[in-house]
Amino acid sequence: MLHVSRLLANGGVKNLCDKFKVKIKNYTEHDLMVLNYESFERDRDHPVVVECRGLILNSRTYAVVSRSFDRFFNFQELLQNIGGEDAHHKLFQSKENFKFYEKIDGSLIKIYKYNGEWHASTRGSAFAENLCVSDVTFKRLVLQALQLDEAHNQFQALCNEYLDCASTHMFELTSKHNRIVTVYDEQPTLWYLASRNNETGDYFYCSNLPFCKYPKCYEFTSVQECVEHAAQLKNLEEGFVVYDKNNAPLCKIKSDVYLNMHKNQSRAENPTKLAQLVINGEHDDFLALFPHLKSVIKPYVDARNTFTNESTINIMVSGLTLNQQRFNELVQTLPWKCLAYRCRKAQTIDVESEFLKLTEPEKIKMIKNIIKFVSTKQALNNKLAPTIKLPSSKQLLVLIGISGSGKSTYAKSLKGYTEINRDDVRVKLFLNGDYTKLNAFYNQSRKCRQTKEEQITKMCIEQFLKAAKCGANVVVSDTNLNTQSVDMWQKMAATHNYHFLTRLMDVSLETALERNYKRSDKFPLNPETIKKQYKKFLKVNNFEYYVPVGDKFPRAVLCDLDGTVALPTNRSFYDFDNRVAQDEARLDVITCVKYLANCHDAIIVFMSGRSVICEQPTRNWIEKYFDIKSYKLFMRPSDDTCKDYLLKLKLFNNYIRGKYNVIAVFDDRPCVVRMWQDLKIPTVFNVCRDYLEF
């Protein structure tokens, strides 16, 4: 009995997954399960893990249905004593004669018999039903490789004639549809590897199968000779597989050229690397090597070309003639709207030049956002197309924003619109018209509120249907920060032939909190609730979080001045003159800043709300108390009067983002601290001496 079967019989599936991170794919209707190890599991050479390489078991009895190769390792891993003592001893200490075969660079295919019928499977599936890159199933490719027209009957007859029904027969499949690195014939081809008895696990070799090819066999005198030969491979050949005398594979020896190419090809699995490939103009060279991945690269190329295509230019030509409000409405749903605002500020239609000014992480994020936007739009069009008959002049406008962002005020300013608001419905249904009781309503348990919320949703829909019957425009003025509510209204709009629009009510958290305190006519909401809403809104609004830029860039510790390390003694916080040199130093905080910077070999970057007019005395103070010569100082421009947290965000975007790996930030002002935390700076030290906002 296999180790894994014994473990399953004693501890069940959960024990296997939790302890060894084995992935299981179940086929309930066939009583089958496919087991595969996690590539980077720390117990990679444990007997249980080693057995789980596309192993197929009966999910009721845990008996073996199809038994593939056990896990075997790369030569370099065996040099590090990974792979178990048995393989290591055989390879390096025994005098056994090995067999060396060409390593075929394709997809593992296993053919086995179950419940009286033969089946083809891949490592991750029981019936080869999974798709390759070009959306062809592997089962279809296997049948093409066998040149079978009447697929099922001919496949059964062929297998019955040539294959042992008590064993699993392993092949490598190559074709243009599943190319990895090495180039083979475009037509699907099966390469025979070995066969294995399902019960005993013994390997054997079938040397005269007429429907497949065989890897080339080499007569190297030693493993070392094979390693040296692999180092000389130049034409994308993968390398070799070393087998013992019993036809069991011991290790893979791969060429350096292949490994480098495989690393490049694997970029196609990573959206960030694909975006980087296109941004750097390397995609043509990449496709010259891997033409079968053209469909994978195309969306990224299309996204990159967004900034020069005619529709983008037309949007900007039109946008520059509009007032600010109309411009906001025009660009609010665009995935490149930040570039649109930059173009408006510069009074240019050259979106491409504004894109080129972005840092590489910003460019990558924008390319990915465009792809996401296009795919979502296409999916929505496909889903809703049958329900949309004619363009409609009726509008369903959904406002999205936190409490205190002005949604209700804006909704009431729209003439001829029916407003739908969940709070209004809550108060009407359950609170006898008393808005001051809403906080108590919100404080009820989720379970207690669930039925009531369902009634509220039902009444909101009834209000919409009533408005739709009259042909009235509708505005929904809730927060709408979850996708479920927006999706619901979008479907309602499509069903009732409404033009669906959303509008982001973008205000600062501080503004919303200030408005909340003034809402004596209704109710002041719990401020913590608004803060939680704001966190959700940042995601909805595609807020650009901080992303480390890689080891090639310097590390930085960011530090505020006034209140954080410097305390005014002879001036107010808003006096920017030579008196800043007289500020008292917070030596304990300064010590922490310097220590953290030294530990991480980081530069200290000062981000100050002070006006640049007092730059020199500020530098003198820094050099006196920090005792450093190498640092950066960014200050408020002399004509800038924006709030402190907005200034710090601008300084961060202009001078830090994409240029430094930020270790931590020190600040004392609550609203600024929240801004740093919103950016997801790894560590934010709040050193304020009082919890009050100022």
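Just so you know, glycine gets a Cβ as well, placed from its N, Cα and C.
The region 'Ligase domain' annotation in Swiss-Prot covers 1-385 and is backed by experimental evidence.
Reduced to three states, the DSSP call for G404 (ATP binding site) is coil. Around the Cβ of G404 (ATP binding site), 25 further Cβ atoms fall within 10 Å across all displayed protein chains. Swiss-Prot lists G401, I402, S403, G404, S405, G406, K407, S408 with the feature ATP binding site.
Counting other C-beta atoms within 10 Å of each candidate's C-beta, the binding-site residues S403, S405, S408 are led by S405. Counting every protein chain shown, the Cβ of K407 (ATP binding site) has 24 other Cβ atoms within 10 Å.
Summarised as a single figure, the pLDDT of the region 'Ligase domain' (1-385) averages 83. Applying an 8 A CB threshold to same-chain residues 6+ apart, the list for G401 (ATP binding site) reads K407, T479, N480, L504, M505, D506, V507, F537. Sequence-distant contacts of G406 (ATP binding site), defined by Cβ-Cβ distance under 8 angstroms and a gap of at least six in the same chain, are M505, V507, R515. Apart from G401, I402, S403, G404, S405, G406, K407, S408, the residues listed for ATP, the same chain places the Cβ atoms of L399, T479, M505, V507, A512, R515 within 8 Å of the centroid of those Cβ atoms.
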